[in-house]
Amino acid sequence: MSTEESDATAPVNAGEPAAKQENENADGKSAPHEEKAAPAEFEPPEGGWGWVVMLAAMWCNGSVFGIQNAFGILFVYLLKEFGSEDDEDLRFRTAWVGSLSMGMIFFCSPIVSVFTDLFGCRITAVGGAAVGFVGLVASSVVRSLGALYFTYGIVFACGCSFAYQPSLVILGHYFKRRLGLVNGIVTAGSSVFTITLPYVLTGLLDRVGLYNTLRVLSIFMFILVLAGFTYKPILPKPVSSEKSGGRCPALKRVFNLQIWKSLGYRIWAFGIPAALYGYFVPYVHLMKHVEERFGEGTNKELLLMCIGITSGVGRLIFGQLADYVPGVNKVYLQVASFLVIGVMSMMIPLCNIFGGLIAVCLLMGLFDGCFICIMAPIAFELVGSQNVSQAIGFLLGMMSVPMTVGPPIAGFLRDRLGSYDVAFYLAGIPPIIGGAMLCLIPWVEARRKRKGEETAADATEKMLGQKSPDAQDDAGTREKTVDHESII
């Protein structure tokens, strides 16, 4: 147990012997179990060292997802490096590098949540950033797509996953009332990187080449290793019951299945992955689509910059707005974001002028920021602070499948049909379907609360019913006493 946890639980433990002795002196018996003082509810400091943690988490989001979102720039240069236009499956095979990387970030999340619960946010984040650093350095020395699948798509991505998830969990240690705003600021880090990295990558790729560019990106991961050391945990862990022996408590700690008892969480955990089958397609294929539609000289980096700018604005606006939306009604913000993202994806092939494509990217980025910044606050509302680590982990793990298969399918359609039009049309359908599923969550949670209140009311009535015969007997005894006194 850490020093912080010992300090948090010390007042409760220190007060028990005194209370026990007092009760034994008064009644000659030990105090009943129900009379023991319950530990005070943990209140986050809402600042202090938390602001440093927020900046470190912001760098984490920026370096991890800024690199992922800018993969469209690397994608164009990978096509030139490893293939030719005569290769019918070139885009399909090359897209697997980026989609594997994004998918593995989410696929590892359930495992990361277990590591976070067992070893803490700091150790998990630092170790993950170190693995990501090794993955990028290794990617800069390999010379085939197959090797990049492993170094960039698996090793680098696994490191990013272990570094990213603790950055979400640690914020709940320091903030509660301002959690929506802080999440908006932290997730805006990826927007800042998405704005700047396309131009940085284009300049680096033109001047120093693909492999030296990957070495420069590895510096971002090295800084992330240092940022992970700021994740100082202060949330006291719940005291496990001493009556339950054996391996069951440890097993429950590693695999927290309690969260799946919540119907609202189950809908959320299946609805969001259903919405994401087309989510990552524009980030991978939009740059190549612009080259084919408007020519190679088009300022395609401007589109990623537009997405990054409005995504950052959206995270700040909707993050603060989420603090004023009560409970699970925050889900409606995600519903709106998925609806807009789906429609905008379908609009991409219809834009025959570059200005129209800019407008589409501005709207897509704004609501992309809305979707991302309120994921953690919704998880806290559905399962509580003690279960949020594995709740986010399981969700991100289920998101890995759609995030991985979407871009290769889009590349396959382009290779077979000769254009990206059908791919973007199809990419807009899943967000609309998934958003419709999420509309059920507030209704389910409201029904659950009503049942809980009714159950509590029934229990209270039963307790009163059990006490009423005793009360009637006492009343009858008093009446008899009054009658005897009147006779005397």
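Including glycine, each Cβ sits where the backbone N, Cα and C put it.
Automatic, uncurated: that is what TrEMBL annotation is.
What you see is a predicted model, and the numbers here were worked out from it, not measured in a lab.
Copied over from TrEMBL, here are the features:
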- 19-38: compositional bias 'Basic and acidic residues' (COMPBIAS)
- 475-488: compositional bias 'Basic and acidic residues' (COMPBIAS)
- 257-488: domain 'Major facilitator superfamily (MFS) profile' (DOMAIN)
- 1-43: region 'Disordered' (REGION)
- 452-488: region 'Disordered' (REGION)
- 51-75: transmembrane segment (TRANSMEM)
- 95-116: transmembrane segment (TRANSMEM)
- 123-142: transmembrane segment (TRANSMEM)
- 148-172: transmembrane segment (TRANSMEM)
- 179-201: transmembrane segment (TRANSMEM)
- 213-231: transmembrane segment (TRANSMEM)
- 263-282: transmembrane segment (TRANSMEM)
- 302-319: transmembrane segment (TRANSMEM)
- 331-350: transmembrane segment (TRANSMEM)
- 356-380: transmembrane segment (TRANSMEM)
- 392-410: transmembrane segment (TRANSMEM)
- 422-444: transmembrane segment (TRANSMEM)
(request) Quick one: find which recorded stretch in 51-75, 356-380, 422-444 has the most Cβ pairs under 8 Å with the transmembrane segment (263-282). (result) 422-444
(message) When you look at the transmembrane segment (179-201) alongside the transmembrane segment (95-116), do they share 3+ Cβ pairs under 8 Å, ignoring any pair fewer than 6 residues apart in sequence?
(response) no
(request) Could you tell me whether the transmembrane segment (213-231) and the transmembrane segment (123-142) are in contact, taking contact to mean 3+ Cβ pairs under 8 Å with a sequence separation of 6 or more? (result) yes
(request) Spell out yes or no: are there three or more C-beta pairs under 8 angstroms between the transmembrane segment (51-75) and the transmembrane segment (331-350), with each pair 6 or more apart in sequence? (result) no
(message) Should anything in the same chain at least six residues away from the transmembrane segment (213-231) have a Cβ under 8 Å from its Cβ atoms, list it; otherwise answer none.
(response) 49, 52-53, 56-57, 59-60, 63-64, 67, 74, 120-122, 125-126, 128-130, 132-133, 136-137, 139-140, 152, 159, 163, 166-167, 170, 201, 204-205
